[in-house]
Structures are given as structure tokens and as C-alpha cells.
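These notes are about the structure you will find just below.
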Amino acid sequence: MTKFIFVTGGVVSGLGKGITSASLGMLMKARGFRTTNIKIDPYLNYDAGTMNPYQHGEVFVLDDGGEVDLDLGNYERFLDTSLSFDHNITTGKVYSAVIEKERKGEYLGATVQVIPHITNEIKERIRRIARDYDVVIVEIGGTVGDIEGMPFLEAARQMQLEEGRENVAFVHVTYVPKLKVVGEQKTKPTQHSVKELRSLGIQPDAIVARSEEPLEESARRKISLFTNVPEEAVISAYDVEDTYEVPLMLEKEGLARYLVRRLGLPEREPDLEKWREMVEKYKSLDKEVEIAIVGKYVKLADSYLSIKEALKHSSVANDVKVKIRWIEAEDVERKGVKLLEGVDGIIVPGGFGARGSEGKMMAIRYARENDIPFLGICFGFQLTVVEFARNVLGLKGAHSTEIDPQTPYPVVDLMPEQRDLDRLGGTMRLGAYPVHIKPNTLAKRLYGREIVYERHRHRWEVNPDYIEKLESAGLVFSGIAGDDERRMEILELPDHSYFIATQFHPEFKSRPMNPAPVFRGLVRAARERKYGG
């Protein structure tokens with residue numbers, strides 16, 4: 001019988017429900033249970049694909065092409081797994097499905113309502129995923145009390161009734177502030193949040209109390225008393241330096257152990273040895289390199305969350321910490337490349353649109369001409385081609401037709417299948433595609449394989465008409481699409497210490513114990529630049 005754990009949030013948003021859910025999933029998997037995570041996003045968008053990163057953080061891309069919430073990236077990294085588009089349930093998806101069924105006459109003339117039709121659709125989607133698992137952790141986005149989240153909380157309540165209390169548990173993540181004026185942790189916001197949850201028919205089984213410092217015993221007792229949750233199930237989740245410490249903290253607090261007993265699962269000791277070694281190694285690193293990320297969404301670091309994590313994974317693999325220098329691409333246009341002085345490596349990440357593109361190309365040229373380890377990703381790959389065409393081939397005015405449709409040298413152009421589309425959502429080249437890697441190249445040394453599968457999210461590509469000219473000037477296209485040999489996937493400069501760019505997003509498949517090869521190589525090159533081989 002599948003066990004369900006619903007994770008809800010209260011008091012304020014941004015508490016770390018995603019990390020809590022991912023950590024709990026990892027602890028269950030470490031006990032040998034077949035575990036997966038589902039994220040519910042109550043917004044009306046069908047998916048995250050058309051959202052501004054400043055509003056919602058990065059758009060994470062799955063193997064099947066799903067454009068989803070960044071929390072699914074945390075789930076994949078913590079559980080070392082690959083999820084599907086169905087693992088992200090949105091209000092947009094649910095309502096679209098219900099309206100489609102109504103139009104087909106599947107409700108037999110009934111008045112279609114939130115209860116039971118919307119709630120039934122939600123439950124059906126959760127159960128569809130659950131068939132192959134022992135434990136399913138469902139994170140409900142937003143905060144208890146939000147209008148958008150009400151149908152999902154109601155569906156969760158109904159699931160406990162239908163599946164049986166012994167098969168469904170609730171974990172509520174709250175915030176316990178400490179006021180400087182009185183110097184004590186205040187539990188009243190948590191009490192009110194649980195009161196709101198109970199008014200919806202849900203009694204939490206465990207409370208994860210987020211705070212700056214470890215939860216005081218007096219606060220733990222008070223939360224237990226006023227929320228009707230056992231003291232052992234009031235979990236202290238205080239701020240830590242590294243999110244990968246959270247599973248170890250929650251294990252020490254006994255959250256998974258308590259839920260295993262609560263759900264009648266066999267009690268097992270988790271295998272956390274490798275995870276603990278990884279965390280301890282990261283904390284003990286004494287060398288440091290600085291890598292610049294030159295982007296257009298750098299004011300919100302979550303816009304590039306997977307890149308941050310891939311650098312962290314690679315830092316452990318290379319015995320050196322990575323300090324990130326966040327640089328707004330438009331600032332490079334205004335202030336020049338002096339903003340890049342002293343860095344040990346440069347990344348130009350993905351993005352869309354003209355804003356900051358010239359600044360990104362200034363950074364690419366600086367890396368190329370000064371032999372600074374460089375990695376370009378997606379749009380960064382395309383702009384690397386543009387920069388090379390302009391400054392090495394001498395094609396003045398060369399550009400991508402995305403930015404300059406009238407460019408005399410369209411070295412980057414819209415893919416043929418992307419023309420004449422009447423909608424933006426879900427229409428890019430999305431998901432995992434095969435990439436064929438050429439022998440005797442940097443890419444082959446990094447990957448060690450001839451064929452790799454990497455995740456994509458793009459509409460533009462290197463114009464096949466210019467490939468021969470670019471290669472004759474020294475640019476090496478070392479990776480080619482498996483589905484179209486005229487589509488370039490990886491480029492590199494062989495006479496450079498480390499200069500590589502990819503049309504795909506390698507960060508989406510990077511894992512704590514298995515860093516993405518191009519990131520691992522970048523950090524290694526940065527370390528060698530600073531400390532020698």
C-alpha cells in the first residue's frame with residue numbers, strides 16, 4: 001500500500017518547503033523505500049515555461065521536456081532521480097483537463113464544480129504517479145490560507161479519508177521568529193497557521209519549525225501543546241550554511257523516523273554515509289576559486305539555481321570551493337570588462353532577448369582573448385558563435401536573428417520547425433536529446449562517451465550555412481545533434497586552456513555525487529589557473 005506524505009506551508013512563503021520535501025524524500029529513499037516527490041503549484045499557468053525568472057526563479061527542464069518549478073530540480077538532485085512532467089501538478093493543468101472532459105461530455109450532464117470534479121482530478125493525478133512507489137511526498141505550494149491552494153488542500157483531506165489515516169500523513173512547515181526586543185522565539189504565528197489548517201479539516205502529524213537558530217525547548221513544548229502534535233514530531237529546522245546539510249539535520253531531529261512509525265512502515269536505518277562524507281568534505285575545503293556568472297537575471301540568484309548547484313557539486317569533486325561573482329550583463333556594457341578582472345572562470349548562461357547580449361559577448365571575448373576558463377550555455381553558446389564570427393571571422397554586424405532579424409550575417413537562426421508557430425508555451429525544442437561527440441576533443445575527454453543525452457530548451461540554432469566558415473577559422477564543433485547532423489550542440493577552442501559552450505543545459509542533470517562533466521572541467525581548469533596543476 002502506497003504511503004502519502006503531504007507537505008504544507010504556513011506563516012510566510014519561501015520557508016524552504018521544497019528543500020524539506022526533497023530532504024524527506026532522500027531520507028525515505030536512504031531507508032530503501034521506493035520514493036518520489038510531487039510538486040503542486042496552485043498558479044493558473046499550465047506550466048512554468050513562460051514565467052519570468054524574476055517572479056518564479058529558474059525554469060527547470062525534465063527529460064520528457066516538461067518545463068517545471070525549480071523545486072523539481074531539488075527533488076532530482078536530492079533523490080538522484082529523473083522525474084516526469086506529471087510530477088508537477090498546476091491549477092492550469094487541472095482546470096484544462098476538467099474543462100476538456102466537460103466538453104467531451106464525460107460528466108454526463110452534471111454541474112461541474114470544484115468539489116467533486118476538480119478535487120477528483122487532483123487526486124487522480126497524484127494516484128497515477130503513486131502506482132510504482134512505496135512513499136509519495138506531495139508538496140503543496142504557497143501558504144495555507146491562499147485562495148488558489150484551497151482545492152488542493154481539500155483534495156489532500158479527502159485522500160486521507162479515502163486511503164485511511166494510516167496511509168496519509170501531513171507535515172506542516174512554519175516559521176518561528178525571534179524578536180530582538182524580547183529575545184525569545186515566538187510560537188504564535190505557528191499556532192495560528194495550524195489553526196487555519198485545522199479549520200480545513202487537516203491535523204498536521206509533524207511540524208517543521210524554521211528558525212534562524214535551533215528551536216528552544218520551551219518553544220517546542222508550547223508548539224506541541226497548542227497544535228496537538230507530539231513533542232518528538234516538532235522538528236527544529238534552523239538555518240545552515242549548505243542546503244545539503246538539511247537531510248542530516250532532519251534525520252538527527254527524527255522526522256523520517258517518526259513518519260515511518262506513524263505510517264506503519266518497516267523501521268530501517270538509513271544509508272547516509274556517502275551523503276555525510278560529501279557534506280563534510282564541502283565544509284572542510286580550504287582552497288577557493290572565483291567564477292563569474294554574467295547574466296541578465298542575476299539580481300535573483302534562484303534564476304540560476306541549477307548552475308549554482310552544479311558548481312557546488314564540482315567544487316567537492318575538485319577539492320576547491322567556488323565563490324560566485326554575480327555580474328549583470330548590462331553593467332558590463334556600461335562599465336566594461338574591468339568587472340571581470342581577477343576571476344578564475346566565466347560562465348555565460350542561458351536566457352532570451354536582446355537585453356544584456358552585448359555585455360555577454362564582451363565577457364566571452366574577454367575569456368577567449370585572456371585564456372580564462374569559459375563555459376557558455378544555450379544562449380551563451382549562441383552568443384559565443386556570434387562573438388567569434390564578429391571578432392575572428394571579421395563578419396561585422398553578425399548576430400542572431402532573435403535579436404537582429406535584419407543582420408547581414410545570421411550566424412544563429414530560428415530552427416525551421418519553429419517558424420509559423422501560433423503559441424509560445426511548450427513549443428521549444430525541449431527535453432533530453434542525443435548528442436554525438438567527436439573523438440579527440442575536449443568534449444570527448446570530459447564525457448568519456450560518444451553519445452550522451454542532455455536536456456534542451458531553445459528555438460534558435462547555429463545557422464548550418466556558416467558552420468564551414470566558423471570551423472575554418474578555428475572553432476571546433478565537437479558535439480552534433482543525434483536527431484539532425486546539421487544541428488550543432490557543443491563548441492570548443494582547442495588552443496585555449498578551457499573554452500567550451502553547449503546548446504543544451506548541462507546543469508539540469510548535475511548531481512551531488514555525479515557533477516555535470518562540463519562544470520567539473522570548468523572548476524578543474526579554474527583551480528589549475530589559480531593554483532597550478
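Every residue, even glycine, has its Cβ placed from backbone N, Cα and C.
Keep in mind it's a predicted model, so treat the numbers as computed, not measured.
For the UTP site, Swiss-Prot lists S13, K186, T187, K188, P189, T190, Q191; matching the candidates K3, K29, K39, K222 against that entry yields K222. The annotation in Swiss-Prot ties G14, L15, G16, K17, G18, I19 to ATP, and of the candidates under consideration, D63, D64, D69, D71, the one tied to the same site is D71. Over the domain 'Glutamine amidotransferase type-1' (290-532) the predicted model carries a mean pLDDT of 94. Residues within less than 8 Å, Cβ to Cβ, of H505 (active site) and separated from it by at least 6 positions along the same chain comprise V61, S306, G350, I377, C378, E454, R455, H456, R457. DSSP assigns L15 (ATP binding site) to coil, not to a helix or a strand. Listed in sequence order, the residues of the same chain lying 6 or more apart from E507 (active site) and placing their CB within less than 8 Å of its CB are S306, I307, E309, A310, I377, A516, F519.
Between the C-alpha atoms of K222 (UTP binding site) and Q382 (L-glutamine binding site), the distance comes to 57 Å. Rounded to a whole value, the Cα-Cα separation of E139 (Mg(2+) binding site) and Q382 (L-glutamine binding site) is 36 Å.
Sequence-distant contacts (6 or more apart, same chain, Cβ under 8 Å) of T187 (UTP binding site) comprise V176, A219, K222, I223, F226.
Each residue contributes its Cα atom, and for G14 (ATP binding site) and R459 (L-glutamine binding site) those atoms are 32 Å apart.
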